[in-house]
Amino acid sequence: MRKNGFLVMAQLLKLVAPLAHIMAFTVIMGTLGFLAAIFIMALGASGLANLLDFPTHLGLSQILTALVVLAVARGVLRYLEQMSGHYIAFKLLALLRDKVFSALRRLAFDKLQNKQAGELVSLITNDIELLEVFYAHTIAPILIAFLTSLILLVVFGHFSVYFALIAAAAYLCIGLFLPMITTRMAREDGRLYRQLVGEMNDFFLDSIRGMKEIQLFGYEQPRQTEILERSQQIDAAFERIKGQEAKVRVYTEIAVSLFNIFMLICGLTLYWQGQIDFAVLLAAQILLMSSYGPVIALSNLSSNLLQTLASGERVLDLLAEKPLLTDVQNGVNLNDVNRLEVSNLSFAYGSEQILSGINLSLQKGQILGIHGRSGSGKSTLLKLLMRFYSPQQGQISINGIPLEQINTVSLRQHTAYITQQSYIFNESIEENIRLAKRDASFEEIVEAAKLASIHQFIASLPQGYQTKMSELGDNLSDGEKQRIGIARAFLHNAPIILLDEPTSNLDSLNEAMILQSLQQVKSEKLIILVSHRRSTLAICDQVINIENGRLS
């Protein structure tokens, strides 16, 4: 459901609260700066009237002095406004990135499986970066335009109430009504443009990662054609946005010209009636013509605001998204782990039943093997044990304590979970293994690598443990990635080890060495080993078979 633009702006404004004092400083500097620029023109008109021998309140030397002072003040005030405004913007962008990363951590595991990597990259980079327009070039200009207009209306009112009415109508039309109309007309195009850009990023990322397969199967031309079609869709949306921007500029110029004419007609009428002198007529006309800056800036915001609000909506939607499970923070901390029990466990993905009536019990010092065909529910059971999901029925307990009552941080600290695909970061091998224990010594990392049968391979590399991994670990084989993941599990040294097909990409020799390592550490561990290979499960104390979500 699309959010109202004002609601999006209100939610984004809430983030400014800690920096409200700096925002106030920005607005004051901006208002004074615009007033300085406007009164430079007004004083120039007064100086011209003085040269033409019309009566003025100030002498020519006073006018020249004031012009110099205002010119210097304008430069200083503009600098202070821009500096403080951008300080707020980039401070808030850093805060938003932190909030987005926290949201991704909160939504991790289930929700992130349904999000495309390119979409998330686009949101974290492009969408958040676009919010700089809102924080640095939207909030302050709106407030500056409002304050400047109020002050100028007082000045116009001092000249004549008719001048004040014309100026008020001009400011409302150019600064409020035109932006509201054009923004409403083109907001959907801004939202669509941001969506298409995110989808294109995801498509490019997918194409780059799958380039080998694309070339192997001769899929280059269809892929290139789709890129062209997506690019044309983005161009079409962008052209519609630019078309709206052009309309805004045309409408604004027409409105400015009309109100200038109205002011001139009104001023001449009052002058002929003897209600004002020529100096006031000239000053009022030039004052209005030079005072459109803040409200025109406000009018021009409407085009940029289309994309900004679309980006803000995407960011706010992610921040507001609720996780399937909330972390337990005020529960029980685990100490020693002696037993794990699953009682009458059932779980479904939507309407699809995955597990039904699962019962099992495991003591410390035992290895439980789980066998079954692909899709039978083996991996889902491990995810339930990690509390990535919550079962619809039944209970999982550790030492008799239900998972729902165990602090999430404590559960993660006491559990090592290894999947078939271990993610390799663009860091050294040492840092990739150290992920499991940030304060681990180098000796501990080497020992974990030996247990995972990967030390010999690492030692053979020219830079050893300092070898830098390429993106996604593309310079490693699947088996080497898997063994680095297993090394992490050994380094983590958790009392519960959950292994999901840990040797699926390994040859028989490396598999035998890793299984031997599991035998060595099992006396102090509680290990669950999932595999479709019967030979892998030979080391287990007991083996259960899951078929169609049930124990058989």
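Cβ from N, Cα, C; glycine included.
So that you can see what the record holds, here are the features copied from TrEMBL:
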TRANSMEM  12-45  transmembrane segment
DOMAIN    24-307  domain 'ABC transmembrane type-1'
TRANSMEM  57-77  transmembrane segment
TRANSMEM  133-156  transmembrane segment
TRANSMEM  162-181  transmembrane segment
TRANSMEM  250-272  transmembrane segment
DOMAIN    340-552  domain 'ABC transporter'
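Among 57-77, 133-156, 162-181, 250-272, 133-156 has the largest number of CB pairs under 8 A with the transmembrane segment (12-45).
Across the residues of the domain 'ABC transporter' (340-552), the predicted structure has a mean pLDDT of 87. Beyond the transmembrane segment (250-272), the same-chain residues lying 6 or more positions past its ends with a Cβ under 8 Å from any Cβ of the stretch are 160, 162-163, 166-167, 169-170, 173-174, 178, 182, 278, 281, 284-285, 288-289, 292, 296, 299-300. Distant neighbours of the transmembrane segment (57-77): 29-30, 32-33, 36-37, 39-40, 43-44, 46-47, 50-51; these residues of the same chain sit at least 6 beyond its ends, with a Cβ under 8 Å from one of its Cβ atoms.
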